[in-house]
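Under the heading transmembrane segment, TrEMBL lists 12-32, 44-68, 89-110, 149-167, 179-199, 219-243, 264-281, 306-335, 347-368, 388-405, 426-447.
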Ligand code: PFF
C-alpha cells in the first residue's frame, strides 16, 4: 500500500457506509422520476420489469463498482489507472467524471425547484388555486430568469459545504442524520395517502400489473432508470467503494443499498398515487407530477400544506445526499490525481457545475429557443446522461470486472466469510454475460441504432 492510500479518508461505520451509499442512490430519481415514469408507462407491470432490471443489472453493476473502488483505493479515474496501467481503461473513469458534471448541472436545478416549493407550500401558495393555475405557477417559476438560479446556487453551496468537510466528517455525518429523517417523512406521507378515501385505486395502479402496457420502450426506460436510480455507470460507487473498509462484506452492502433504494421508490409511489387517484387526477402527466399534480392534491386535503412542506423537504433532503455523491466523484479525482487540496477541488468543481447549471436553468425560460441537436440545453444534458454516458460507463465497468480483472482478485474483494460459492458464481455470470448484453441493448437503442 502506498503512503497516500494509508492517509485516505474513509467511512467510519457500517451504518455510515449504508447511509451514504443509499443516500446517493435515493434521490430525485426515486421520488420525482420513478413515480412519473411509472405513471407514464402504466403502473404495476412497469414496476415488475424495473425490479427485474435491478436484479439482473443493478445489483451486479453496483457490486462491480464497489469492488473496483475498494481494490484500487482510488477515485473513478485513478482506479482504472491503478488496476489496468498503460491501457485505455482509464477512459471509463473519464466517462464517469464527465457524467458527474453533466448530471449535477441539471440535478442542482431540479433540487433548487424543490427548495422553492418548500417555501411555496409553507406560504400556502396553492390554496384555492385551480389545477391550471397551479400548472401556471410551476411554468412561470421554472421559466423565470433569476429565482430558479438563486435556488440552484443555494443548493450547490450546501452540497459543496458538506463535501468540503470530507468523507467521515462531511458525507457520512450528514447522511446518517438525513437518511433516517427521510424515512420518517416518507412513512408519514404514506400513512396519510393510504388512509385517504378512494386510495385503493392508486394502490391497484401500483400493484396490479396490466401486461398489455409493456412495450419495448417501457423496458428500456426501466433499464435506464435502474442505472440512474442506483447511481451506477459513472464511478460514484467506485469512489464510495474506495472509502469502504476491508472488513465490510461488499455483496451484502450492495444488496442492502439496492433494497433500500427500491423500497423508497415504492414508498414514494405509495405516497403519491393513492392521493392522485383519490382526487381523480390522471397519473400519466409526466415530469410535472410532483410539482403540479401533488400541490393540487395537497390543497384539497385537510392540513394539506403541512404535508406539502414535508413532501418538498423530503425531496430536497433526498436530492442533497445524492448531489454530494456526484460532486465527490469530481472532487476525489481533482484532489488525488490533480493534487489539489480538498477545499480547492470542491470549490472549483462546484463552481464549474453551477455555471453549467445556470445555462440549464435558463434553457427552461429565456434560452428555451436556443436548441442544440433539436433539444433545449437541459434536455440535451438529460439525454446525454441517460442514453450515452451512464450506459456506456456501466458497460465498460461490467466488462472490466467481468472480463479484465483476474477472477482471483475479484474473489478476494467479494468473497467474505459465509458467502456461498454459488452466489459468487451467479454474480460472475451476471457480470460477464447478462448485464453487458442488456446494457449494450439500452445503449444501442438510446442512440437510435436499435
Ligand atoms: N441516484 C440518484 C437519484 O436517484 O436521484 C441520482 C444519481 C446520484 C445519479 C449519483 C448518479 C449518481 F452518480
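Backbone N, Cα and C define each Cβ position, glycine as well.
It should be emphasised that the depicted structure is a prediction, and the values quoted were computed from it without experimental measurement.
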*Where else in the chain does the transmembrane segment (347-368) make close Cβ contacts, counting only residues six or more beyond its ends and a cut-off under 8 Å?*
101-102, 104-106, 108-109, 112, 142-145, 148-149, 152-153, 156-157, 159-160, 163-164, 327, 330-331, 334, 340, 376-379, 381
*Given the transmembrane segment (12-32), which of the listed stretches 219-243, 388-405, 426-447 has the most Cβ pairs that are under 8 Å apart from it?*
219-243
*Taking 149-167, 179-199, 306-335, 426-447 as candidates, which has the most Cβ pairs under 8 Å with the transmembrane segment (44-68)?*
426-447
*Where, among 89-110, 179-199, 306-335, 426-447, do we find the most CB pairs under 8 A to the transmembrane segment (149-167)?*
306-335
*Grab the same-chain neighbours of the transmembrane segment (89-110) for me: Cβ-Cβ under 8 Å, and only residues 6 or more beyond its ends, written as numbers and ranges.*
27-28, 32, 75-81, 83, 148, 152, 155-156, 159, 233-236, 238, 319, 322-323, 326-327, 329-330, 333, 352-354, 356-357, 359-361, 364, 378, 381-382, 384-385, 389-390, 392-393, 396-397, 400, 404
*Restricting to the same chain and to residues at least six past its boundaries, which positions have a Cβ under 8 Å from a Cβ of the transmembrane segment (426-447)?*
53, 56-57, 59-61, 63-64, 216, 220, 223-224, 251, 386-388, 391-392, 394-395, 398-399, 401-403, 407, 410, 414
